[in-house]
Every structure is written in structure tokens, then in C-alpha cells.
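Colleague: A single structure is presented below for examination.
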């Protein structure tokens with residue numbers, strides 16, 4: 001078995017998620033997830049697409065590892081499918097499911113790529129959503145946090161000898177907002193602010209899973225949040241308050257408890273107490289981490305909502321800004337702002353940052369020669385890497401950058417219509433074709449890694465020279481007297 005590679009001071013990589021690429025949703029003992037159920041409901045997914053096959057990564061993972069090796073990345077962030085490992089959400093583990101992740105991790109190590117495993121990327125086992133008690137299930141149920149910790153322990157016991165880097169949750173805000181508040185993602189609830197228990201129980205699950213990972217000897221644990229600068233639509237005080245309220249719900253609700261061990265004041269939403277928070281919860285949630293993941297795509301522009309609206313803000317479009325094929329604004333400076341504001345607002349309590357997702361959707365068909373000239377994606381990534389460099393120059397402690405994503409995949413409610421991949425995947429044949437952006441990122445990694453190795457060698461040489469100078473300065477003169 002190959003040893004786990006030691007990551008450089010700054011790591012380059014790519015990220016994926018199980019539900020979006022694996023396929024094989026009914027094979028080798030995998031159980032249904034809330035996303036299987038949601039995608040199978042007519043009208044929920046564009047053109048009725050499902051992830052039953054997705055990118056067929058479950059079978060084609062050796063080909064995908066070969067692509068990543070060619071890309072030259074240091075680290076690969078993937079997610080483990082809870083319903084593949086523990087199909088019922090409780091009960092015994094599924095050995096065949098764990099066997100797949102054994103093969104995946106061993107293949108990554110053989111390719112010299114460090115695995116970074118995300119335990120939860122929204123694919124909750126359906127039995128946990130189907131509460132037998134009649135009470136709300138899924139993350140609305142506190143018990144799910146405890147079942148998640150058990151699942152984390154199972155994964156760590158099986159993979160912890162080779163996986164050093166763990167992420168507990170991916171984007172708990174998006175999962176709460178889209179899945180429980182607005183009904184645009186699985187499991188499809190429309191609870192608005194009554195979805196807040198799903199926020200807390202996810203964070204509690206993060207804390208309990210962190211404890212389980214630590215007990216298994218995990219040396220690196222982090223949480224990944226989505227972050228978006230909240231930009232007032234005008235200088236009007238009402239718009240500024242709207243932006244502050246959005247930032248409170250999107251950023252601080254999911255960062256303050258993790259970094260400071262307390263929830264922010266939610267009185268802007270008419271909330272004076274959180275009765276679902278129990279004694280000891282915040283101690284678990286706020287335990288120290290080794291990193292904080294930042295998923296960044298774009299800022300959000302806010303204006304004040306009309307009187308009587310259920311939320312105090314409305315999201316509005318930016319004026320005269322280039323957008324992706326997903327209609328998301330392309331504003332690289334927002335990444336700089338995100339990283340610098342986190343650094344400023346949370347100070348020394350903030351763990352090192354990782355950009356765990358950054359990417360864009362552009363659909364570019366193959367040219368006559370078979371190439372895929374996705375110049376817009378190259379421009380996007382180059383500009384965001386510059387924004388990352390600017391944040392580091394301003395004092396942000398950032399340890400890695402991961403592109404979303406390796407493969408064109410199942411993009412949630414959009415099905416296969418939004419293409420974020422560095423590699424084109426034909427949904428009919430599953431043929432993989434690296435795009436021009438793949439070649440650009442490979443060249444960028446090689447250039448930056450070489451420069452960083454040179455800088456590291458220079459630092460090592462300088463430290464050695466300083467050590468020799470200190471040694472010479474402390475040597476005794478020939479007459480035995482100290483200088």
C-alpha cells in the first residue's frame with residue numbers, strides 16, 4: 001500500500017461529490033438517499049434527469065484517477081455516500097460500499113494524490129427522512145446528528161489509516177436553505193425560518209463527527225461552508241440592513257458557532273431564542289478545527305424586502321456584470337473580499353482557510369478536431385487565482401485551492417445542463433475528454449508548484465545559513481574564553 005502523500009505548504013486540487021458522479025445508485029447494497037427520491041419525483045429536476053448513472057465513476061474511477069494524475073494535483077476532495085456505507089442510516093455497515101472507497105483511496109495513493117474525504121454532501125439516507133414517529137425527520141430531527149457521528153466513526157475506522165484529511169459537512173447553509181427552507185433541493189421542504197433546526201442539527205452533527213474522527217486518530221478535520229459577500233444594492237440604510245441580515249443568515253449563523261462557540265444575535269429575524277439548542281451542543285460544535293473550507297462562486301446583491309415579507313431581504317441581479325451559463329455573476333474580487341473578511345472578523349480564532357470549491361458553468365461543445373476550447377473557464381479560473389493571491393498578500397492564511405470540478409456531472413436540480421468540469425463527459429457514452437481548461441490548470445499547477453519548491457528551497461537554505469552563523473558565533477575562541 002502506498003503511503004499517504006505529504007501535502008505541500010499550498011495544495012492544488014479538484015473536488016467532486018458522490019451523488020453527482022458515482023452512479024450505481026442501486027448496486028452493491030447502496031440504499032436510497034433523499035436525492036434519489038427527489039430526483040425521481042416528476043417536475044423536480046430539469047428534463048427529468050436522474051443520477052442513476054451520473055458519470056459512472058463507481059466503475060470508471062481508475063480512468064478518473066489517471067486523469068487526476070495527469071493533471072498533477074496534490075489533493076482530491078471527494079465525498080463518501082452515506083447510503084452506500086450505511087444504507088439505513090442506522091444499523092450495520094455495508095462492506096461492499098466501504099470496499100469501493102478502499103479501492104478509490106488506494107488508487108489515489110498509488111497515483112501520489114492525497115485523499116480528502118467529505119463525509120456528507122447532501123445525500124442523506126432516505127430512511128432517516130422517513131421518520132417512523134411522525135415527527136419531522138432528516139436534519140430536522142436531532143437524532144440524525146448522532147447517527148451521523150456513528151457513520152463518521154465507521155468511515156474513520158475503515159479508511160483512517162490512509163485518509164488524513166477529513167471534511168464533515170459540505171455547505172450546511174445551502175442544504176438548509178435549498179432543501180429545508182425553499183424546497184428547491186432534496187428533501188424539498190418549504191419551511192422558511194422554521195428550517196433553523198436543520199441548521200443546528202447539521203452543526204451538531206459536525207461537532208459530534210469531529211469528536212468521532214478525533215477518537216479514531218484523525219489529524220486533520222474541517223468544515224466546508226459556502227461564502228458569498230453580501231452587497232447592498234444601494235447606499236440606502238434599508239438596503240444595508242438587508243445585506244447585513246443576509247450575511248447573518250448565510251455566513252455568521254454557520255461560522256460563529258464553529259469558531260466562537262456561540263450563535264449570533266438573530267433578532268433581525270424576530271428570533272430571540274433557539275429552543276432546539278441543548279446544553280453542551282455549542283461545546284461540541286465549537287471544538288478546534290484544523291481548517292475551514294470556503295466554497296466561493298459569486299457575491300450576492302441585496303435590497304430591502306417590502307413590508308410584511310417573510311424575510312427582510314430580496315436578492316437582485318448585479319448591473320452590467322458578465323455571467324456564467326448558470327447566470328451567476330463573475331466577480332473574482334469577491335473571493336478576495338471573502339477570505340480577507342473572514343480573516344479580519346474572526347482573527348486568531350480562525351483556523352487556516354482552504355478554498356474547497358471554486359468554478360463555473362460553461363457549456364462548450366467539442367470542436368471539429370475534438371478539442372473543447374472553454375476559454376471562458378480559463379479566464380474565470382485565472383482571475384480567481386489572482387484574487388486568491390491578493391487575499392494572501394493581504395494576510396489571509398490560505399493553504400489550498402480546489403477547482404469545482406473534475407468532471408461534467410449531475411448538477412442537482414439542473415440535471416446535466418450545467419457543465420462545471422475540467423473534463424467533458426458525454427452522458428450517453430461516458431467518454432471523457434479533457435478541455436482546454438484542464439490543460440491550463442495542469443500548466444498552472446506545474447508552474448506554481450515549481451516556484452513554491454524554489455521558494456521552499458530558498459527558505460531552507462537561508463535557515464541553514466542562519467543556523468551555521470549562529471553556530472559559528474557561539475564557538476569558543478582558541479584560548480578557551482567565550483567571546
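Yeah, the Cβs are placed from backbone N, Cα and C, and that goes for glycine too.
Bear in mind that TrEMBL entries carry predicted annotations, made automatically and left uncurated.
From a predicted model like this one, the values you see are computed outputs, not experimental measurements.
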Colleague: Among 412-447, 448-483, find the range that TrEMBL records as region 'Disordered'.
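Modeller: Residues 448-483 are the ones TrEMBL records as region 'Disordered'.
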Colleague: Around the Cβ of residue 171 (active site, proton donor), how many other Cβ atoms lie within 10 Å? Please give the count over every shown protein chain.
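Modeller: Counting Cβ neighbours of residue 171 (active site, proton donor) within 10 Å gives 23.
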Colleague: If I take the alpha carbons of residue 171 (active site, proton donor) and residue 121 (substrate binding site), what is the distance between them in whole Å?
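Modeller: Distance (Cα to Cα, whole Å): 8 Å.
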Colleague: In sequence order, which residues at least six apart in the same chain have a CB under 8 Å from the CB of residue 404 (substrate binding site)?
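Modeller: Long-range Cβ contacts: 14, 15, 295, 357, 358, 359, 420.
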Colleague: Of all the recorded positions given, 357, 411, which residue's CB has the most CB neighbours within 10 A?
Modeller: 357
Colleague: Around the recorded substrate site, report the further residues of that chain (criterion: Cβ within 8 Å of the mean position of the Cβ atoms of 20, 121, 170, 297, 404, 411, 412; site residues excluded), sequence-ordered.
Modeller: 17, 171, 357, 405, 420
Colleague: Kindly assign residue 404 (substrate binding site) to one of the three DSSP-derived states: helix, strand or coil.
Modeller: strand
